[in-house]
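To start, the structure itself, in structure tokens.
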Amino acid sequence: MELRRSMALPRLLLLGLWAAALRDGAVAAGMKFTGSPIKLKVSQGQPVKLNCSLEGMEDPEMLWIKDGAVVQSVDQVYIPVDEDHWIGFLSLKSVERTDSGKYWCQVENGGKKEESQQVWLIVEGVPYFTVEPEDVSVSPNAPFHMACAAVGPPEPVTIVWWMGDSRVGLPDISPSILNVSGINQSTMFSCEAHNVKGLSSSRTATVQIKAMPLPPLNVTVSQVTSSNASVVWVPGFDGRAPLHSCTLQVAESPDGQEVSTEVAPVPPFAYGVQGLKHSTNYSVRVQCSNEMGSSPFTERVYFQTLELAPSSTPQNIHVIQRDPGLVLEWEGVAPDVLKENVLGYRLEWIQDNVTQGEMIVQDTKANLTTWNPLKDLIIRVCVLNSAGCGPWSDLFLLEAQEVMGGQRQPPYGTSWVPVALGILTALVTAVALALILLRKRRKETRFGHAFGSVVGRGDPAVHFRAARSFNREGPELIEATLESVGISDELKTKLKDVLIQEQQFTLGRMLGKGEFGSVREALLKLDDGSFQKVAVKMLKADIFTSTDIEEFLREAACMKEFDHPHVTKLIGVSLRSRPKGRLPIPMVILPFMKHGDLHAFLLMSRIGENPFNLPLQTLLKFMIDIASGMEYLSSKNFIHRDLAARNCMLDENMNVSVADFGLSKKIYSGDYYRQGCASKLPVKWLALESLADNLYTTHSDVWAFGVTMWEIVTRGQTPYAGIENAEIYNYLISGNRLKQPPECLEDVYDLMCRCWHPEPKLRPSFGVLRSQLEMIRGRMSTLSLSQDPLYVNIGKDKESSVSDPAVHTSFGNTDGDETIAGAAAAAITSDYRYIMSPLCLGDDVEGERHPEGQEGENKSLLYELETEGEKSC
């Protein structure tokens with residue numbers, strides 16, 4: 001059906017994609033798409049906006065599908081009309097032919113994918129060429145033809161031909177063939193394609209005239225033997241016609257008498273000449289041919305064949321004992337028997353089945369000095385000339401017991417010594433390999449593998465462009481205020497100045513979803529009218545009470561106090577209204593971090609679909625950033641309690657910020673906090689005192705920082721892989737620690753071990769850790785950071801304004817952006833495990849330091865260093 005242009009939006013075509021029923025009719029109870037299918041024709045280059053409406057589902061994750069594939073457009077917005085009514089928009093700012101196809105919405109509900117009916121988008125424009133004139137070569141005045149074809153829509157398409165600057169023939173419906181009777185000089189041809197939208201011009205093709213080839217170049221002769229030679233050449237200009245053969249003329253020199261003429265099919269441009277005489281001078285020249293004729297011959301190239309190798313063998317070998325060596329004699333080859341120009345003889349002697357040496361002599365006698373008279377001696381001789389060595393003589397054996405006199409010539413026996421040595425070597429090798437594999441298996445069993453495999457799903461980073469903001473308040477909605485959510489007065493006071501009205505931002509696609517909530521990309525409208533890309537963290541609609549809201553917003557209140565480049569800063573909080581007197585949905589607005597969490601980024605670098613190198617200098621920078629942020633937090637008397645790579649975020653400039661303060665606490669008195677019951681804790685990052693007595697201090701954050709350093713060095717491996725949560729405390733109290741990764745510097749691992757000291761007060765402060773890491777990185781500064789491979793082609797944003805908020809995370813060409821972003825998204829799996837706190841004490845703040853009993857118990861945690869296997873603390 002035709003789409004009329006709106007008077008209010010003359011250049012914006014709105015398509016209502018309203019699907020009345022899902023394809024299979026299996027609609028979940030109460031959930032439905034509304035509307036009907038539609039067919040749209042639009043001109044190329046025009047903007048188009050598609051929308052679909054879904055009712056009966058809270059917080060759906062809608063996807064746009066085109067021809068069966070998920071649409072990766074950056075211009076997608078999802079707007080809640082009310083609690084269970086959502087509208088999704090897909091904007092195409094300048095449609096191309098490739099945008100033509102079938103579009104529909106898809107949502108997953110209860111494990112089933114439900115789809116709306118389809119919309120057909122047809123993009124019309126000037127004709128598009130499918131066949132264009134090609135460059136060809138033709139014989140003079142010979143007939144030939146040219147082809148041209150183009151398609152719409154719209155149809156029909158008419159073809160007009162041009163020869164040089166003149167039109168040829170009459171317009172013809174595509175596809176068109178132009179028949180040319182012949183030309184005698186190079187000529188250019190092109191075609192035009194016309195339809196009601198306009199015309200397109202094809203490429204200009206050049207038709208050349210064929211000619212005879214030019215002579216070959218660089219003729220060389222190689223691999224010369226006594227009877228053969230290899231000739232290689234480079235073809236000259238082929239006359240714009242393929243060469244089909246080359247002719248070689250071989251002649252004896254100096255009289256130039258032709259010996260043979262050889263025709264070689266080409267390519268390859270090489271030929272082996274056979275049947276030549278030995279020790280003879282020859283010359284060769286080459287010409288090549290195409291359908292138009294043959295080139296002139298090249299200049300002659302001269303070469304000489306080699307001599308024949310000797311064919312006779314020395315006879316009657318005998319040896320005479322002399323002190324200190326042996327004199328060997330044999331019958332020489334008569335000069336009138338051979339014409340191979342004998343140069344001498346080669347003698348070879350063997351002991352213990354190994355050639356001990358050889359010598360070349362001019363006459364028929366040789367003096368042997370370097371041999372062992374206590375072992376059997378085998379001798380053989382051949383005739384030698386410039387072509388090589390002739391056949392070997394019969395083997396002559398001189399046994400050890402006959403050294404002092406006699407001599408005989410028994411057959412050449414076989415020794416079993418090499419066989420026995422070979423078998424022994426194979427057995428030793430097999431045993432060594434078995435021991436290596438066994439040792440490796442034991443290590444894997446004890447510590448496990450960090451990961452089996454991580455398969456990137458190819459999901460792209462989430463991008464969108466918000467065309468406008470929407471007021472979602474209706475007559476049924478109760479205004480969402482801090483007074484309406486049932487939180488404490490203290491928390492209301494803290495959040496009052498950072499409360500943002502929900503009309504000020506527009507939600508985009510979902511970035512991630514967890515057990516208790518989700519994170520969406522959004523555009524926040526600022527006071528000056530500009531827009532800022534942010535991330536919105538919200539609780540799920542069906543799992544929270546006033547207590548849940550208060551705990552969720554306490555994290556925001558905690559972040560409000562932070563102002564440091566390496567600590568995530570709160571932008572604001574907001575409340576989404578809901579009907580029927582239900583509690584509003586709390587939302588925390590945070591800066592948008594382009595590269596996501598650090599753990600996912602590290603995994604992507606190691607086992608993503610397109611792994612990339614993270615130099616040690618870059619890894620050290622990550623550690624320094626985290627240490628700097630934690631130094632700031634500790635100076636503010638904050639303990640994090642959940643420091644890990646997964647809770648650190650990476651921005652577009654590769655700077656790390658400490659984030660996720662859901663477990664953080666401020667210490668108003670004393671230096672420690674005692675955890676109450678019913679809190680979930682990341683066991684493998686906890687310090688010994690935290691596991692034993694639920695005590696949390698800045699020193700316990702230092703322990704977690706050591707584990708985070710280990711995560712960074714291993715590029716995201718799981719700490720204590722293969723060890724259950726319930727076993728961690730006994731594992732640590734026994735003196736065990738994480739092992740030194742293979743590529744970890746000694747200085748860096750020493751810092752980790754200091755972070756894991758059993759006595760909390762003997763662990764370094766974050767200021768000391770930052771300083772030490774900066775010193776280590778400074779010693780590596782010989783390699784300029786500008787040469788750091790990590791910074792090659794990252795963030796290839798062509799536009800950074802709100803008009804095109806596309807995000808690219810590329811480590812290669814632009815085609816790899818979505819693949820790498822998808823691999824990072826696939827890597828965010830929160831693969832660590834939690835257990836409940838072992839003690840159920842009151843969740844309060846104690847204004848005292850460790851009692852003596854606790855200090856004594858902590859001191860009892862001291863252990864002796866283990867030295868077996870890999871290096872450990």
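Cβ coordinates are placed from backbone N, Cα and C, and glycine is handled just like the others.
Straight from Swiss-Prot, the features:
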SIGNAL    1-28  signal peptide
TOPO_DOM  29-416  topological domain 'Extracellular'
CARBOHYD  N51  N-linked glycosylation site
DOMAIN    127-208  domain 'Ig-like C2-type 2'
CARBOHYD  N179  N-linked glycosylation site
CARBOHYD  N184  N-linked glycosylation site
CARBOHYD  N218  N-linked glycosylation site
CARBOHYD  N228  N-linked glycosylation site
CARBOHYD  N281  N-linked glycosylation site
CARBOHYD  N353  N-linked glycosylation site
CARBOHYD  N367  N-linked glycosylation site
TRANSMEM  417-437  transmembrane segment
TOPO_DOM  438-873  topological domain 'Cytoplasmic'
DOMAIN    505-776  domain 'Protein kinase'
REGION    845-873  region 'Disordered'
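Mean model confidence of the domain 'Ig-like C2-type 2' (127-208) amounts to 95 (pLDDT, 0 to 100 scale). Checked against N228 (N-linked glycosylation site) by C-alpha proximity, the glycosylation sites N51, N184, N218, N281, N367 yield N281 as the nearest. N179 (N-linked glycosylation site) and N367 (N-linked glycosylation site) have their C-alpha atoms 88 Å apart, to the nearest angstrom. Of N51, N218, N281, all annotated as glycosylation sites, the residue with the shortest Cα distance to N367 (N-linked glycosylation site) is N281.
Listed by sequence, the residues of this chain that lie at least six past the ends of the transmembrane segment (417-437) yet keep a Cβ under 8 A from its Cβ atoms are 352-353.
The highest number of surrounding Cβ atoms within 10 Å, among the glycosylation sites N51, N367, is found at N51. Here N353 (N-linked glycosylation site) is compared against the glycosylation sites N51, N184, N281, and the shortest C-alpha distance is to N281. N51 (N-linked glycosylation site) sits 61 Å from N184 (N-linked glycosylation site), taking the CA atoms of both as reference points. Remark: of the glycosylation sites N184, N228, N353, the most isolated position is N184 (fewest other Cβ atoms within 10 Å of its Cβ). For the pair formed by N281 (N-linked glycosylation site) and N184 (N-linked glycosylation site), distance between Cα atoms is given as 47 Å, rounded to the nearest Å.
In the three-state DSSP scheme, N281 (N-linked glycosylation site) is classed as strand. Spatially close to N218 (N-linked glycosylation site) yet at least six residues away along the chain are W233, V234, judged by Cβ distances under 8 angstroms. Cβ packing within 10 Å was compared across the glycosylation sites N179, N281, and the lowest neighbour count falls to N179. DSSP places the residues of the domain 'Ig-like C2-type 2' (127-208) in helix, strand and coil in these numbers: 0 helix, 51 strand, 31 coil. Secondary structure from DSSP puts N228 (N-linked glycosylation site) in coil.
In the three-state DSSP scheme, N51 (N-linked glycosylation site) is classed as strand.
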